[in-house]
C-alpha cells in the first residue's frame, strides 16, 4: 500500500497558527476587551485583504457607543467639563437654525452653548432662551462699507478668536446665510479653528461654503460634514466630478471622504452613512417618517457634543480602553445620529403628523436617559 503524504502549504500553516493563537487568547481579559469594541462597531478581522471583495457599510451598535463615551455625572465635576459648544450662524433671515443646534447641545448634556451671529439676529435668538450665550459679532455686506471690510473682518475674527481655545467644538453653518462678506469672515474663523485643533461640525450654509472652498477642511481629521441629499449631490459633483451613485453608496461616501483628505462625512438618509475615508459605518435604528425642517440642526448640535465627549474619553483612556484607538469624529457621528433618530422616533410616537423640531428637542433628554441612565 502506498501512503499519500499531505503537505500543508504555508498559508494553511499560517491559518493553523492563527487559530491556535486565538484559542490561547480567548480566555484573556485583554482579548475580551478588544472584542467588545469590535462587536460594538460591527467590525472584525479581515483575513482576505488581498482578495477583491464588495465594500459594505457595517451597521454599528450605536447604543453601546453612546454608553461608552457619555461621561458619568458626579459631584466632583465643574461647569464646562461636560462640553462647551459654539454655533457660528444666524442672520436676518434665519434665526431658528442656530437656536435649534445650540439648545440641542444643552439638552444632550453640554454645560455651555454659545451662538455667534449677526447683530440683527442676536435679539431674536436671545428671546428664544436665556440658556444660550449669544454674541452679536458677525456682519453682512449691507451694513459694511467697502473701504471698511478689512477692518471689520479683523474685528470679527478677533472677537471669536478670544473665545476659541475655550470651545470643545464648533458648529458652522446653521442659519448662516450666503452673504459673501459674512462667508469670508467665517472662512477665517474656520482656519483659526484648525490652527488651534478645535473640531468643527459643518452643516447647512456651512456646506455651501465648504463645497466652494474644499481647502477649508481638506486634510483636517477633526472636521465633520453632515450633508443632506442635495448638499451631498453638490459635494460629489464638486469633489469626485461624478453623479451620485445610490447603487454603490458605501464606496462613494468612502471615496468622497478620502478625496477630501480624511474628513468624516455623515450622509443623512434612510440609513445614515458615516465615513472617514478608512471605513464606513451605518446607523439605521429608530427614525421617523416626519421630515419637518430643523432636524439637521439638532443633529449638528448633537454630533458636536458627542464628538467632544469622545475626544475626552479617548484622551483619558488607558491603553486597554476599548475606544483608545478610534476616531472621535466617527464616534461622535454614530452617537449623534442614533440620538437624533431615537428622539425623532419618540416625538413621532406622541405627536404623529404634528411633530415639529421643538418636540424632538424635548425628547433628547429622555432618549439619552433610556440608553445611558444618569444614575
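Note that Cβ sites are derived from N, Cα and C of the backbone, with glycine treated the same way.
As the structure is a computational prediction, the values presented were derived from the model and not from experiment.
According to TrEMBL, the domain 'YjeF C-terminal' annotation covers 62-371.
The Cβ of residue 229 ((6S)-NADPHX binding site) lies under 8 Å from the Cβ of 268, 269, each of which sits 6+ residues away along the same chain. Positions annotated as (6S)-NADPHX binding site by TrEMBL: 175, 228, 229, 230, 231, 232, 233, 234, 297.
There are 25 other Cβ atoms within 10 Å of the Cβ belonging to residue 272 (ATP binding site). For 268-272, 287-296, the entry in TrEMBL reads ATP binding site.
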Taken over the domain 'YjeF C-terminal' (62-371), the model's mean pLDDT: 96
Between residue 294 (ATP binding site) and residue 233 ((6S)-NADPHX binding site), the C-alpha gap once rounded to whole angstrom: 20
Number of Cβ atoms other than its own within 10 Å, given for residue 290 (ATP binding site): 18
Binding-site residues (175, 294), the one with most neighbouring Cβ atoms at 10 Å: 175
